């Protein structure tokens, strides 16, 4: 018997059932159904344009999860403009939307900055992205450009073509002093100042610059984590929001400023000579794509609903 996933999930939205309980019911009822062909997760989740109306839930891990009840951030707001609109990655858990709005207001009001440029968040129901990130799946990640918001409202074309500035000299592995200013430091420090922030990823050279300029106020540096790339944007990840019982938190960060041996190890890694490839190079096996069935069952049920509610050619749902 076919499962009326739309009816079941809509009922869950109106009742106190969790998506996890609903997913269990859907799987139990569908146990005798023919096994579907495996589907590549990023293509299936990337095809969803609008999320179903459900209570907000961050589900699974940041790199193996999804988000129910995602909200879309406004393209323009008090202290922010959203970039790369064509990607449809401007969705997030309401906690993430609230964080961005608060940060944008605070950098203007408290730090005297013009505002922020908002990059990738999540897709309408999260899940693996078609390209560019392994994370950003559960609706609690956002990329913020180091470029500050311009005074004018950017056009749709500007938002696609305007390039994010690289703030790191890749030869010396230091920040470019002609570009990195106190304004960028204020932005990162303010972004880390909220209790809901779990960690912020930046290039190791940027972490080093922040360590060197922090002075005696160093508690916030604990959240600033060095990671590859991140030379033109900071990547903010929130802790699992309240009520998202299916959200998987990352391990706690070590309680120090991260400016010592841990950071030194990053520079040793980045400066180490790259091994020469063998001649001829060995052919590498193609990595297996992530499948829909690799994700939590709640995410599979959410995808089923989103596909059932997908707008038709006439626009009806």
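The backbone N, Cα and C atoms fix where each Cβ goes, and this holds for glycine too.
Keep in mind that this is a model prediction, so the values were computed, not measured.
Residues or ranges marked as compositional bias 'Basic residues' by TrEMBL: 270-279. Below 8 angstroms of C-beta separation, residues 173, 204 of the same chain, each at least six residues beyond the ends of the compositional bias 'Basic residues' (270-279), sit close to that stretch.
Annotated disulfide bond per TrEMBL: 66-299 (among others), in sequence order. Reduced to three states, the DSSP call for residue 299 (disulfide bond) is helix. Within 10 Å of the C-beta of residue 299 (disulfide bond) we count 29 further C-beta atoms, all protein chains included.
When secondary structure is read from DSSP and collapsed to three states, residue 211 (disulfide bond) falls in the helix class. Positions annotated as disulfide bond by TrEMBL: 211-259 (among others).
Per TrEMBL, disulfide bond is recorded for 240-247 (among others). Reduced to three states, the DSSP call for residue 240 (disulfide bond) is coil. Remark: residue 240 (disulfide bond) has 58, 140, 247, 248, 249 as non-local neighbours, by Cβ distance under 8 Å and separation of at least 6 in sequence.
Residues or ranges marked as region 'Disordered' by TrEMBL: 270-293.
Look at TrEMBL and you will find 1-28 tagged as signal peptide.
DSSP labels the residues of the compositional bias 'Basic residues' (270-279) in these numbers: 2 helix, 0 strand, 8 coil. Separating the Cα atoms of residue 299 (disulfide bond) and residue 259 (disulfide bond) is a whole-number distance of 38 Å.
In sequence order, 45, 59, 60, 125, 126, 127, 137, 138, 139, 295, 296, 298, 299, 302, 303 constitute the residues six or more apart from residue 66 (disulfide bond) in its chain with CB-CB distances below 8 Å. Classification of residue 66 (disulfide bond) by DSSP places it within a strand.
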